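Undergrad: Got a structure for you, questions after.
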């Protein structure tokens with residue numbers, strides 16, 4: 001069972017009574033066939049539910065109104081099988097607050113050259129019915145996605161499935177609660193921001209809880225539960241000698257397990273699916289949560305360090321979007337560089353908190369080592385390298401008048417040397433198009449030092465996310481050239497300035 005099982009997408013057919021009852025009967029038959037086939041063969045993440053034909057303004061308005069109030073409905077897929085005059089859609093689309101995709105398809109793939117007549121033409125009018133629908137969307141300035149292709153085409157299936165992931169993610173985001181244990185790292189700018197504006201724009205709420213409230217729950221965890229979780233650690237990870245039974249750091253592992261159980265209980269009781277910590281607010285905790293955070297991220301929670309609620313929320317959103325896809329998604333930070341002509345590299349990591357979903361090793365190492373920051377006992381953590389291949393790093397920043405999403409396409413590579421003295425998980429990558437261009441563009445656009453790293457999602461996924469939430473996106477990839485990138489930033493200032 002995944003989050004997608006909690007939602008469905010409504011399949012709505014637009015038509016009109018001009019063509020007579022026989023045509024509408026055939027439209028209904030075609031729709032039933034297409035929906036059944038898509039649910040059976042297209043490997044869509046959500047179930048499609050066919051709704052009654054929309055042939056009048058009142059029918060269409062009722063469908064849109066019902067979609068708004070049905071918590072299971074993640075969005076609408078609309079197919080204009082025949083011509084459907086778009087003025088009939090105005091009232092419904094005006095009130096619709098769920099994502100909308102126009103599937104520009106038709107029942108037949110090939111034209112029946114020898115038998116085609118006007119009855120066939122009247123029945124299969126997607127080619128211009130879809131354009132009428134597109135006009136009213138443009139006229140109303142209503143954002144919606146469009147997928148063109150035959151309903152049996154695998155590429156069309158993939159694009160609809162990708163959009164469904166976005167639609168479900170948007171509904172989940174509207175209910176997302178972000179818990180901040182403590183406040184921001186002191187004096188840091190990019191991790192701060194307008195929480196009210198974020199809730200208005202995205203729907204997620206951000207509130208702070210004292211670390212003492214968490215400590216109270218952590219201290220209530222029984223020794224039996226702690227021992228059971230440590231047994232799980234023993235089976236899932238390669239334990240260093242210091243962390244094994246009778247090892248000198250065994251007690252630190254037990255404390256890490258207690259923190260994990262306490263954090264999870266606190267988050268579950270509060271209905272939180274994203275959270276932050278900061279090493280400056282640890283009063284009452286025996287160690288900075290490292291292992292606990294790593295494992296909670298792997299279970300789907302959003303997280304970011306130093307109170308960075310925007311990145312924590314973005315990680316949760318991207319975790320939902322990527323559910324069931326190959327590859328992992330994690331909190332990340334650009335940490336340090338390797339400068340070598342033609343082979344510039346970025347080493348990404350954090351103090352402790354990198355999600356094991358991106359690990360190359362089947363069984364990461366569980367170790368306890370010293371951490372000077374935070375002033376607490378040595379924390380437990382998982383240590384691993386990262387899978388290789390194409391990936392992205394994404395950052396969501398608050399510019400005051402709007403939100404900007406930055407995405408850099410990267411290529412993760414194998415670490416060329418062992419890192420015997422680096423006691424944290426890490427990722428090594430080549431930034432596209434090259435490190436000087438990527439880093440300069442990122443800095444000019446105001447990108448944060450915290451990011452969400454993902455092998456599972458790609459640039460197109462993040463473009464869809466930005467469009468669905470109506471926010472700015474800046475892209476750094478192999479096509480990026482700094483002069484054009486700077487121009488785009490200037491144009492965006494003008495565009496979004498006019499929209500205020």
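A Cβ is built for glycine as well, from the same backbone N, Cα and C atoms used for every other residue.
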Undergrad: Of 350, 469, which does Swiss-Prot put in the Mn(2+) site with 306, 333, 450?
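TA: As annotated by Swiss-Prot, 306, 333, 450 share the Mn(2+) site with 350, chosen from 350, 469.
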Undergrad: Within 10 angstroms of the C-beta of residue 306 (Mn(2+) binding site), what count of other C-beta atoms is obtained when all protein chains are considered?
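TA: The answer is 24 other Cβ atoms.
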Undergrad: What is the Cβ neighbour count of residue 350 (Mn(2+) binding site) at a 10 Å cut-off, with all protein chains included?
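TA: Cβ-Cβ neighbours of residue 350 (Mn(2+) binding site) within 10 Å number 23.
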Undergrad: In sequence order, which same-chain residues at least six apart have a C-beta under 8 angstroms from residue 333 (Mn(2+) binding site)?
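TA: Residue 333 (Mn(2+) binding site) has long-range Cβ partners 305, 348, 349, 350, 449, 450, 451.
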